[in-house]
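A.B. asks: I have a structure here, written as structure tokens, and I will follow up with some questions on it.
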Amino acid sequence: MSSGSDGSSDPSAVDSEQTLFLTLIHMLSHLLNGYFTAFFVVTGIALNAFSVYIFLRCERTGTPAIQYYLVTLTLWQTALLANAFLLYSLPNLIWGHLVSQGTYVYIYQYVYTFANTTHTGSVWIVLTLTVDRYLALCQPLKHRAIGKKSRVRRLMIVVSLFAVIFSAPRFFEVHVLTNWCKEAPNCVPIIIRTELFENSLYWTIYHVILAMLFVTLCPCLLLFELTLRISLALRKAIAKRRSLCPPNVEIDQRNRKCQTTRKEHKSNIMLVLVIAKFLISDILPTVIDVIEHIVGQDVFMRSSLASLFVDLSNFLIVLNCSSNFWVFIFWGKRFRKSCRHVILNTSIGQSMYRLTHWGSDPVRIVIWTIWISRYISNRKSCFSIIV
């Protein structure tokens, strides 16, 4: 009997499979953090800036209070995209991996803090938006009292300020060390954790209790519950609208009321999609955060697969922050109309409009018809001469 018949595996084959697996994970991580994140950051910042311009332009002609939520959320998410690019994408594009030493790490303390601030601000703005929609649909009388523009504007300022204050301790969790080696001329700056980050009491209170209560787990569960209630309220509103507006009713005052209700319904659907999209993108980071607290950070970060899931969760957040424009353009009639008006006021937009509508001009249609008829008659006369 041969010695290999006992079912033992070849160590070299196991090592090659593990190397291939780690190489694949590294390649996926590089694609997610590098090229994919860079693409969605650039397009997302451009589209978010255009969305803010449209919202602010609409404000001159009168705007609902809900747009203050959307403008604030878009600004926070645009800042989050910029921080994601500096924290993950740019190092991967330049060096092929994240860096922990060199002159680039001087920005890490600020970018790390502001990245957590922007994420916290985005979570809280979406949460206040969800509460606003819940009150508007389920408790309209209470919403009329608290949903005024001035109060919403002040609420956005207060929520943003508290997000900055809540994330301020992050600034003291890391720092740059420059004199860590014996040969001073050959020293390069490195980013390291501070004693505050390593403090178990601080970690338990701030990262576990406060973060799960106010940023990750509890807001995620509350968003899920409120979104479910809003969806049920929208279904009831659809059924009520269909009973009030049968398809063959003449256009009268009741139909105008139904059209107004339909517009409000589409706006609510748009906002629910924004909330649901955010909720979906935040589920994986929340699950990862809970698992990291359970198994411990050191054990969690030693796993290559866990690191890949962290990269995937970060990419989902980037994808969510860069895609609100498409929700606005497909579901927001007023937003779509404002976009069309802005684009048509530019020379490029006017040229594209004339190009796409060239054949719809009645005069040009007549000219084309005469030309085609003459062309056909000339072809027939030529054919008769040949015959």
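The backbone N, Cα and C atoms fix where each Cβ goes, and this holds for glycine too.
The domain 'G-protein coupled receptors family 1 profile' feature in TrEMBL is assigned to 47-328. Taken from TrEMBL, the feature transmembrane segment applies to 35-56, 68-90, 110-131, 152-172, 205-232, 269-288, 308-331.
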A.B. asks: For the transmembrane segment (308-331) against the transmembrane segment (35-56), do we get 3 or more Cβ-Cβ pairs below 8 Å once near-sequence pairs (under 6 apart) are dropped?
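C.D. replies: When sequence-distant Cβ pairs are counted, the transmembrane segment (35-56) touches the transmembrane segment (308-331), since at least 3 lie under 8 Å.
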A.B. asks: Which sequence positions outside the transmembrane segment (110-131), separated from its termini by at least 6 residues, show Cβ-Cβ distances below 8 Å to it?
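C.D. replies: 66, 69-70, 72-73, 76-77, 79-80, 83-84, 86-87, 155-156, 159-160, 162-164, 166-168, 170-171, 173-174, 214-215, 219, 222-223, 226-227, 230, 271, 274-275, 278, 282, 317, 321.
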A.B. asks: Limited to the domain 'G-protein coupled receptors family 1 profile' (47-328), I'd like the whole-number average of pLDDT.
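C.D. replies: When the pLDDT values over the domain 'G-protein coupled receptors family 1 profile' (47-328) are averaged, the result is 85.
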